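Summarising the annotation, TrEMBL assigns active site, proton donor to Cys414. Residues or ranges marked as compositional bias 'Polar residues' in TrEMBL: 10-35. Feature annotation from TrEMBL assigns domain 'Orn/DAP/Arg decarboxylase 2 C-terminal' to 98-441. Residues or ranges marked as domain 'Orn/DAP/Arg decarboxylase 2 N-terminal' by TrEMBL: 104-350. The N6-(pyridoxal phosphate)lysine annotation in TrEMBL covers Lys128. The feature region 'Disordered' is assigned by TrEMBL to 1-35.
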Amino acid sequence: MAAAQLSFHPPSSFSKPRTHPLTQNPLFQNSIQPSRPSLKPLVLKAVLSQNPSKPLTQDDPQTVPFKHCFTKSSDGFLYCEGLKVQDVMDSVEKRPFYLYSKPQITRNVEAYKEALEGLRSVIGYAIKANNNYKVLEHLRQLGCGAVLVSGNELRLALRAGFDPTRCIFNGNGKLLDDLVLAAQEGVFINVDSEFDLENIIGAARIAGKRVNVLLRINPDVDPQVHPYVSTGNKNSKFGIRNEKLQWFLDEVKKHPDELKLVGAHCHLGSTITKVDIFRDAAVLMVDYIDKIRAQGFEVNYLNIGGGLGIDYYHSGAVLPTPKDLINTVREVVLSRDLNLIIEPGRSLIANSCCLVNRVTGVKTNGTKNFIVIDGSMAELIRPSLYDAYQHIELVSPVPPEAEISTFDVVGPVCESADFLGKERELPTPPKGAGLVVHDAGAYCMSMASTYNLKMRPPEYWVEEDGSVSKIRHAETFEDHMRFFEGL
Ligand SMILES: Cc1ncc(COP(=O)(O)O)c(C=O)c1O
Ligand SMILES: N[C@@H](CCCC[NH3+])C(=O)O
């Protein structure tokens with residue numbers, strides 16, 4: 001059986017490949033691919049009034065990559081890249097919506113590219129964080145590859161024009177049909193378990209392709225995060241433990257027509273704010289790579305996964321940047337002349353977006369005060385699911401006499417877990433006031449549901465020229481009824 005034929009693309013400035021045979025591998029060519037036939041662009045392009053005065057806290061976005069694109073002016077208006085969020089609210093349909101800054105996404109990618117200078121590297125954007133098609137196209141145009149966990153994420157990545165040979169297929173329960181598609185397309189596949197390897201071999205045979213595989217190692221490193229987003233400790237369902245490594249190497253040796261072992265992968269978890277944890281893992285991982293190389297395998301890829309946290313608290317605390325992350329593993333990577341793959345999701349997209357809601361009313365039950373908004377756990381589930389903190393503020397100034405109180409910010413969904421924030425000090429807002437939940441670009445819309453038939457919200461972004469475009473239509477009641485057509 002022939003080895004997977006990998007296409008060559010000229011490198012761009014994104015990653016500067018050194019002269020090395022491995023740079024012939026397209027995973028490390030950072031060209032902007034010509035689009036495959038793309039979906040029709042979504043309608044609407046409403047140019048809204050520009051704010052003439054620069055918001056007070058806004059720094060030069062070109063030089064401050066991790067500054068928030070959402071800033072408050074001294075007179076109490078929230079801006080997104082110089083646009084009043086209130087103006088956007090007044091111009092779009094009356095329902096919760098996600099509002100992104102496209103330039104912030106660009107700045108986030110640029111921060112990673114800069115951090116990766118001098119290394120052969122690929123940024124594999126974790127599509128699960130946000131699967132908006134327009135966002136994906138933008139990230140692909142900026143030079144990102146993609147990390148996938150389902151057949152549909154793979155299909156979406158292909159539609160959005162990602163080069164499949166710059167994509168990595170992860171997951172502990174990958175299905176055979178999806179693996180066949182991945183094998184046909186030349187996607188790199190991470191091996192998670194014995195049955196997964198068996199399925200990958202089967203998929204390679206069906207596709208008639210030799211598959212590039214990485215072993216997903218469980219290094220047993222504690223990422224010091226919420227247990228639900230911790231993935232690289234020994235009790236996790238993900239990855240291969242040390243004692244089983246030899247079995248996998250022996251299996252790969254037995255299947256040279258189907259498998260080419262090219263590297264090792266680990267993913268420790270998400271919301272990690274201590275970069276030493278990544279270095280500890282990288283040190284362990286190169287130890288694995290040494291062991292694997294000692295058996296004659298030419299493994300040259302180290303994939304350290306994603307997981308970098310962001311400043312959800314807006315507390316002004318100094319958190320590690322992509323540069324801090326990469327610098328902490330740089331020497332380890334160079335010491336073995338490895339190609340580095342990273343899989344960021346949250347740190348590429350979370351801070352570029354907020355969920356914009358309207359206040360339905362304010363109530364007190366005697367012991368607690370509540371701000372009830374039209375958004376809910378259906379649109380944004382992280383607070384309910386992980387007790388996660390996401391910063392909340394009003395978009396416009398309130399009358400000076402408005403009392404500041406401690407509120408739970410809750411939605412209308414019929415669950416006591418339906419809260420967006422607990423015990424927040426806020427001025428009592430009038431009915432209809434705009435209220436945003438920040439840092440909603442990652443794991444918010446992609447985890448939204450239609451519970452209580454709250455249909456999924458529309459998405460907009462502010463473009464580089466300050467105009468606003470709809471980048472996803474709102475889901476409607478009629479969309480729901482279509483599931484029952486013809487029954
Ligand atoms: C295998 C893998 N890679 C990458 C990511 C992206 O992580 P994050 O969004 O924290 O960067 C995840 C999610 O935790 C993941 O499970
Ligand atoms: N959904 C999680 C992240 C999970 C990452 C996937 N392994 C969050 O919202 O923070």
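Cβ atoms are placed via backbone N, Cα and C, with glycine included.
A gap of 27 Å separates the Cα atoms of the residue listed as 'N6-(pyridoxal phosphate)lysine' and Cys414 (active site, proton donor). Sequence-distant neighbours of Cys414 (active site, proton donor): residues of the same chain at least 6 apart with a C-beta under 8 Å from its C-beta are Asn452. The average pLDDT computed over the domain 'Orn/DAP/Arg decarboxylase 2 C-terminal' (98-441) stands at 97.
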